[in-house]
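Annotated features in TrEMBL:
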- 1-35: domain 'Chromo' (DOMAIN)
- 121-182: domain 'Pre-SET' (DOMAIN)
- Cys123, Cys137, Cys164, Cys168: Zn(2+) 2 binding site (BINDING)
- Cys123, Cys125, Cys128, Cys136: Zn(2+) 1 binding site (BINDING)
- Cys128, Cys164, Cys170, Cys174: Zn(2+) 3 binding site (BINDING)
- 185-267: domain 'SET' (DOMAIN)
Amino acid sequence: EEFYLVKWCGYPSSSNTWEPRKNLHCRGLLKQLHQDLERVPGGPARPGPRGLPARATSYLVQKAKQRQALRRWERLLNNTRSHRGRIVVENEVDLHGPPSDFVYINEYKVGAGVNLVPVAVGCECGDCLANAVGGCCPGASSNKFAYNEAGQVCIRAGLPIYECNSRCRCGADCPNRVVQKGIRYDLCIFRTGDGRGWGVRTLQRIRKNSFVMEYVGEIITSEEAERRGQVYDRQGATYLFDLDYVEDVYTVDAAHYGNISHFVNHS
């Protein structure tokens, strides 16, 4: 018969007891334990007359500490986020914990030497989708309305999207305010099993052409982007994306400041 050493919640380790499997009513924890034993470095571990091998106990302790660290990080992310969609963190692949050099932000962080020009124009529409005045904000720059009634993108890839802004007559429920409403889907940051680090997957169904997330990070000048790019190339990873549609004046760097898009893994 199998026995398990149980640490009881709310009691010190001196109160630990050995319990037969029939006394334990925690199927999830038992399943997790046996899955961890299958992943012990050096091959699956099996208990013997003297208990588990040292490599297994060491791994289980490290795994428990890692899960605690990931749960704390998950709480921090959800306490920091301003969007509706929640964030879940999972790592059932290795012992990597939360990244130590990453700060979750909801809005762009303006870097040194960056001067953002305030929005100069807004629309006068009563209903931006059904009764747009002068083509609404997209029409002011000779572009088409980017969204349909369901908030899905209906223009071809590569064209710019112009949303309504603080100078517009319309309110927060305007159908031309999709990106600025933030992430509304529950997403999971997970550790990939093929050596590509962290990735992101959805926890719910997402319709085609729906907005998922904005690439948020630090806005830096092209000169600073060139300098950082050389460093990132030597490190074998980059988080630099040009910001402007017409002219590459600024670049977004999500290496150290960003949202969940930082973890999207392009395969």
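Cβ coordinates are placed from backbone N, Cα and C, and glycine is handled just like the others.
All annotation found in TrEMBL is predicted automatically rather than curated by experts.
What TrEMBL annotates, mapped onto the structure for a quick look.
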residue : record                : contacts (Cβ under 8 Å, 6+ apart)
Cys123  : Zn(2+) 2 binding site : Ala132, Val133, Gly134, Cys136, Cys137, Ala140, Cys164, Cys168, Arg169, Cys170
Cys125  : Zn(2+) 1 binding site : Asn131, Ala132, Val133, Cys136, Cys168, Arg169, Cys170
Cys128  : Zn(2+) 1 binding site : Cys136, Cys137, Phe145, Cys164, Cys168, Cys170, Cys174, Pro175, Asn176
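Secondary structure by DSSP for the domain 'Pre-SET' (121-182): 7 helix, 4 strand, 51 coil. The most densely surrounded of the binding-site residues Cys137, Cys174 is Cys137 (count of other Cβ atoms within 10 A of its Cβ). Neighbouring residues of the recorded Zn(2+) 2 site, listed in sequence order and excluding Cys123, Cys137, Cys164, Cys168, comprise Gly122, Cys125, Cys128, Cys136, Glu163, Asn165, Arg167, Arg169, Cys170, Cys174, Asn176 (Cβ within 8 Å of the Cβ centroid). Within the same chain, residues 47, 60, 92 sit at least 6 positions outside the domain 'Chromo' (1-35) and bring their C-beta atoms closer than 8 Å to a C-beta of that stretch. Put plainly, the binding-site residues Cys136, Cys164, Cys168 were compared by Cβ crowding within 10 Å, and the winner is Cys136. For the recorded Zn(2+) 3 site, residues Cys128, Cys164, Cys170, Cys174 set the reference point as the centre of their Cβ atoms, and the other residues of that chain within 8 Å of it by Cβ are Cys123, Cys125, Cys136, Cys137, Cys168, Arg169, Gly171, Pro175, Asn176, Arg177. As a summary of secondary structure, the domain 'SET' (185-267) carries 18 helix, 23 strand, 42 coil according to DSSP.
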